[in-house]
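Engineer: OK, Swiss-Prot features for this one:
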type: DOMAIN; residues: 29-292; note: domain 'CoA carboxyltransferase N-terminal'
type: BINDING; residues: Cys33, Cys36, Cys52, Cys55; note: Zn(2+) binding site
type: ZN_FING; residues: 33-55; note: zinc finger
Amino acid sequence: MSLFDWFAARRKDQFVGKVIQETEESDGLWGKCPECGQVVYRKDLLTNANVCSNCGHHSRINSEERIKLIVDQGSFIALDKNLAPIDPLGFKDRRAYADRLRESQASTGLKDGVTTGVCRVEEIPLALAVMDFRFMGGSMGSVVGEKITRLIEKATSKKLPLLIVCASGGARMQEGMLSLMQMAKISGALERHREANLLYMPLLTHPTTGGVTASFAMLGDLILAEPKALIGFAGRRVIEQTLREKLPENFQTAEYLLEHGFVDKIIPRTELRKTLGKLLRLHGFQKITIST
């Protein structure tokens, strides 16, 4: 294994989190919760939004499943569906960036790592962006930044509240500065949205790290999170080596950030739509007709 492969494997292991594993000879019908060890019927798990009914462990879900969970049925209208990334730097590490893109697109069915659109939540219009960690670790490249920026600008022009579901390892290194500049571009669009007196809520899911945490994930009027989500900038190991101190066991979890004032509310996945509806109504948003 090369040094690059070793670092890539360690980085992936840190962020992917625990998922429900199929039991032996289960034919995909049963799974085992990695948190409590409970054997669960996979159909029941899917019905419960991939949340263990025994211990409440939240396993990963993809962007399509997330959208179905949040929005009123049939209300989601996707935007910028055909916007796709290119390889502006001709970047190659142990594999070409163009090959990585093709592989992620084939395995996920997505053009890039975010889906954006307008929808309704409990009949209230909402601009929604959902990041998908399956696509190159949810990394933020120029297309992810452009789609989110365009969504924010539409939300501002249409006077819509905004929800961004974050799941990312950070900026996409294969695009260099073109990736890093998305942090400022999105932040600028969010400031114009704020100046229009509109509500922005990021939902931090596992994991939310790096340049995403350092920009739009922490700029919300209300910062929401899923239980036990990993949220941070640098990795735990790097911080401990820099400070030469042992960090608390729950460091960089949603619960730790809530306790220290960085997160406003932790929302179990099964209660998300209802809670979002309450928050939108609390901030004065009502049922209206929206157009794209």
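Using the three backbone atoms N, Cα and C, a Cβ is placed for every residue, glycine included.
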Engineer: Around Cys33 (Zn(2+) binding site), how many other C-beta atoms are within 10 angstroms of its C-beta?
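Structural biologist: Looking across every protein chain shown, the total is 22.
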Engineer: Cβ within 8 angstroms of the Cβ centroid of Cys33, Cys36, Cys52, Cys55: which residues besides those meet this for the Zn(2+) site?
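Structural biologist: Along the chain, the qualifying residues are Pro34, Glu35, Gly37, Gln38, Val40, Ser53, Asn54, Gly56, His57.
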Engineer: Among Cys36, Cys52, Cys55, the binding-site residues in question, whose Cβ has the most other Cβ atoms within 10 Å in this structure?
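Structural biologist: Per the Cβ count within 10 Å, the most buried is Cys52.
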Engineer: If you average the pLDDT over the zinc finger (33-55), what number do you get?
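Structural biologist: A mean pLDDT of 87 is what the predicted model shows over the zinc finger (33-55).
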Engineer: Just give the helix, strand and coil counts over the zinc finger (33-55), going by DSSP.
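Structural biologist: The breakdown for the zinc finger (33-55) reads 6 helix, 4 strand, 13 coil.
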